[in-house]
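Quick look at what TrEMBL lists:
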DOMAIN    29-72  domain 'P-type ATPase N-terminal'
TRANSMEM  55-73  transmembrane segment
TRANSMEM  85-103  transmembrane segment
DOMAIN    187-266  domain 'P-type ATPase A'
TRANSMEM  432-452  transmembrane segment
TRANSMEM  506-526  transmembrane segment
COMPBIAS  588-606  compositional bias 'Basic and acidic residues'
REGION    588-610  region 'Disordered'
Amino acid sequence: MDSSANGLRSLQEESNRILILGNSETNGSDNSVCTSKYSILTFFPKALREQFRRVGNVYFLTIGVIMFIGQYTDAWNSSISPWTTLGPLGIVISVSLVQEGYADVARHRNDKKTNTHPCILLKCAEDLDKSDKKRVRDETVLNGEDLEFLLDVHHRGGGKSSLPDVNETSVSIDVEKEKTKSVKLAFERVERKDIYAGDIVLVKSRDMVPADIVLLASSNQGGSAYIETSSIDGETNLKLRASPRITDDLATGSSIRNLNLITEAETLEQAAKRLVRLTLLGYPGGKNAADNPANNSSGRNMIKQKSTIIKGKFSTTRKSLAFRGSLTSSVDKKAKAEDKERYVTSLLSEPPNPNVNNYTGKLTLPPGKDGDPSITLPLNNENILLRGAVLRNTEWAVGVACFTGDDTKLVLNSFTTPSKFSNLDVLMNKTIYVILFVMLICILLLAAGAVVTNDDRFDTYWIFGINNNTTQAWPYLPDLPPPEWETGTENFVQQMFLFITLLNNFVPLSLYVTVEIVTFCMMYFINSDRDMYHAKTDTPASAKSTIVTDLGRVSYIFSDKTGTLTRNVMRFKRCSVDGLAFGAPIEKKSPKATQEKEEEKSKEGDGNISSEAFHPLKQLLVGTVSIPSLETREAESNVEVILPGEKTLTFNAEMFLRVMSLCHTVVV
């Protein structure tokens with residue numbers, strides 16, 4: 001029982017992903033995404049296979065082969081040259097291949113634009129300067145300048161915590177072990193495809209999150225960030241994400257009690273200083289905080305390892321590099337003698353999966369002081385920013401990439417570009433099946449009739465050079481030598497192939513030629529349509545599929561989102577702020593009467609506003625708004641009003657109405 005439980009536990013640990021913050025897992029999946037259907041090597045095999053999904057193309061190819069064999073061999077006779085069928089078929093297929101290639105080139109361009117979009121990574125400046133490749137700093141962050149920090153080399157003794165305080169301006173050094181080093185941090189500009197798991201990513205406001213990242217810091221208070229996930233789940237409302245924090249039940253030691261990772265709003269420099277002290281950016285030779293021997297005695301250890309070798313198994317997705325056993329991290333390559341006693345933060349993450357609403361993992365922080373266990377922070381869906389989300393209402397956010405490329409939840413939820421078949425193609429296939437059935441019956445009847453007729457009239461076929469007696473002279477010409485007589489007529493199979501070539505026009509090849517020309521012209525008209533051109537972004541319409549013939553068959557459009565295809569009108573009814581009521585009193589009447597009353601008010605226009613309603617919004621931008629007295633309001637309407645005498649708008653009321661008029665939503 002114990003052995004099976006241990007085996008299950010080890011299997012679960014193998015399936016998880018262990019990352020050291022600041023260590024790029026270059027052996028894993030990169031961050032490139034491919035949505036195209038073909039490559040240079042696979043275009044012709046795959047595209048030709050797609051073309052011969054059409055029954056008509058298979059039919060004409062078969063007819064052409066039968067004609068070719070009958071024309072250039074003695075197997076049977078062909079009444080028509082094979083090139084009269086194979087030539088037009090080649091032209092039709094060539095036009096279709098051009099259309100498929102043009103649509104796939106657009107996908108390749110979109111993939112290239114996505115994969116080469118510039119992103120910002122936090123890197124050690126020394127690595128950038130010593131790299132053989134040309135690596136550039138991002139000029140939009142601190143004008144491309146590096147940040148320099150002084151770090152303590154060894155753990156501090158006594159009761160002072162080595163975890164950094166956000167508000168401290170310099171590094172506190174223990175008097176007994178005064179030894180520091182200088183570390184420079186650079187903001188490197190890379191292409192989106194060059195992001196790997198373990199990289200620390202900087203995302204700016206209104207930028208798309210380039211990979212699935214665990215949020216570590218942001219410009220907002222408490223390290224929170226707002227994201228828009230419309231490209232993931234279609235929701236346009238902003239979602240709040242938070243950085244992991246040390247809670248009171250975790251901060252049991254006196255040295256780390258009441259210590260949070262992020263307490264107040266911090267600057268980018270403060271966030272960088274905090275992350276440098278916790279990751280490989282500051283201590284390239286640091287060890288995994290999960291390997292702290294004190295973890296076992298405290299009962300907080302959730303990861304069991306015996307060395308600084310990262311063990312795990314990356315998921316075997318489309319472009320991930322799967323491995324089993326052990327993977328030596330780049331920590332060993334950068335190890336320095338003075339960093340060997342330092343612990344750095346590690347991330348234990350769930351394996352890649354397509355569930356966008358759940359995430360489980362844990363962040364293991366270095367211990368507060370020598371001899372203390374590492375600090376473990378649980379992670380959930382509130383701590384992760386998914387690829388495809390857009391950062392909103394947040395100046396910047398920093399996080400560690402946990403899933404990249406084909407391992408991201410957005411890509412795992414996507415599917416390979418399907419080979420779509422238009423309704424017109426389906427209809428033509430069904431029609432051709434019926435035509436082929438009728439054609440087959442005709443061929444069988446004609447072949448059988450030809451065999452029976454040849455047998456009955458064989459003696460009269462001497463005029464065609466057919467005779468059983470090969471020594472007989474020509475009738476009516478006995479003086480001439482006997483010709484080379486053929487001793488028999490064609491059998492049933494030969495007659496059948498002959499009639500196949502004769503009746504090949506049952507399926508008109510011009511039908512496919514016409515359809516391909518119409519499809520090509522419709523795609524051109526869509527791409528050139530001025531009514532579908534967006535001038536502000538210089539974006540024309542783009543026909544990315546060859547099934548544009550189905551657009552004329554659309555009768556109904558169903559949408560599960562209110563306001564997408566309808567007029568979403570939000571009407572202000574009534575509210576109360578600081579004891580002040582705004583809006584017309586709500587009278588309980590029948591729905592029909594209320595609708596008729598609203599229609600009458602809308603016909604009157606803005607000049608005849610009902611006296612029952614208080615409308616301060618028209619004067620908010622001008623100045624203070626006077627509120628009618630209670631007696632005046634009661635005289636004008638027989639409805640109870642809660643307004644006390646003559647008042648002016650309070651600050652809260654004015655701001656509430658301003659935000660309501662601009663955003664339609666107020667968070668109180």
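Glycine is treated like the rest: Cβ placed from N, Cα and C.
Note on the domain 'P-type ATPase N-terminal' (29-72): residues 78, 80-82, 85-86, 88-89, 92-93, 96-97, 100-101, 104, 107-108, 110-111, 114-115, 192-197, 210-211, 314, 317, 319-321, 401, 404-407, 411, 414, 416-417, 419, 421, 425, 428-429, 432-433, 436, 497-498, 500-501, 504, 507, 509, 511-512 of its chain, located 6 or more positions outside it, place their CB under 8 angstroms from a CB of the stretch. With a threshold of 8 Å between CB atoms, the same-chain residues lying at least 6 positions outside the transmembrane segment (506-526) that come near it are 54, 56-57, 59-60, 85, 88-89, 91-92, 95-96, 99, 424, 428, 432, 435-436, 438-439, 532, 541-543, 546, 548-549, 551. DSSP states for the domain 'P-type ATPase N-terminal' (29-72), grouped as helix (H, G, I), strand (E, B) and coil, give 27 helix, 0 strand, 17 coil.
Summed and averaged per residue, pLDDT over the domain 'P-type ATPase A' (187-266) gives 80.
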